[in-house]
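Peer 1: Sharing a structure below in structure tokens format, with a few things to ask.
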Amino acid sequence: MATADHTLAPAGPIAAGRSTAGRWLTAGAAANGLMAGTYVTFSAAVMPWLGTKGDADFVSTMQNINSGIENPLFFTVFTAAMAAPAIAAWKLRAHSRTAMRWALVALALYTTTVLTTSGINVPLNQALAHAGTVDPAKSRADFETTWNIWNGIRAVLSTAAAVAMVKAVRLHRRSRV
């Protein structure tokens, strides 16, 4: 009787994606990577560029960015970065506990990002939106430094979450070969 040769099984994200858990892991890695990219882009490019602008331009541009980023695509990725690791961890609980642990690490890191966003960055965005254009220098002073610090923290946390998800994908892939 012939037996299957598992050493020839496909490797990489395609193999990991063949299981339901693998698909959730891959989705979680992608969503966390996209969110990390968003936060890093703001820290590395958007905010330094805005820092060169005058107060009125800074405030107006941030108000427009904050208004524009609230869209279905952003909210889908923002939510998937937390939901996908949770679902993957649940699906892995019986057969790939090491990968499950890494998915839970990603979930904890990204949940901290969400708490930071909702507790610090969003209230700052809302205050800036309600500030209008009466005193742009004060609005900027109340916003910029704190927002930048906490966005940098979000960038680090979400990057670490993406790395943890990639580790979970790799471990899941190895457990299936």
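Every residue gets a Cβ built from N, Cα and C, even glycine.
What TrEMBL says about a protein is an automatic prediction, not a curated fact.
According to TrEMBL, the record shows the following:
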type     : residues : note
TRANSMEM : 24-51    : transmembrane segment
TRANSMEM : 71-90    : transmembrane segment
TRANSMEM : 102-120  : transmembrane segment
TRANSMEM : 149-169  : transmembrane segment
Peer 1: Residue list, the transmembrane segment (24-51) vs rest of chain: Cβ under 8 Å, 6 or more residues beyond ends.
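Peer 2: Same-chain contacts beyond the ends: 13, 16-17, 57-58, 61-62, 65, 77-78, 80-81, 84-85, 87-88, 91-92, 99, 103, 106, 110, 113, 144, 147-148, 151-152, 154-155, 158-159, 161-162, 164-166, 168-169, 172.
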Peer 1: Below 8 angstroms Cβ to Cβ, which residues of this chain, lying six or more residues outside the transmembrane segment (71-90), approach it?
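Peer 2: The answer is 21, 24-25, 27-28, 31-32, 34-35, 99-100, 103-104, 106-107, 110-111, 114, 158, 161, 165, 168.
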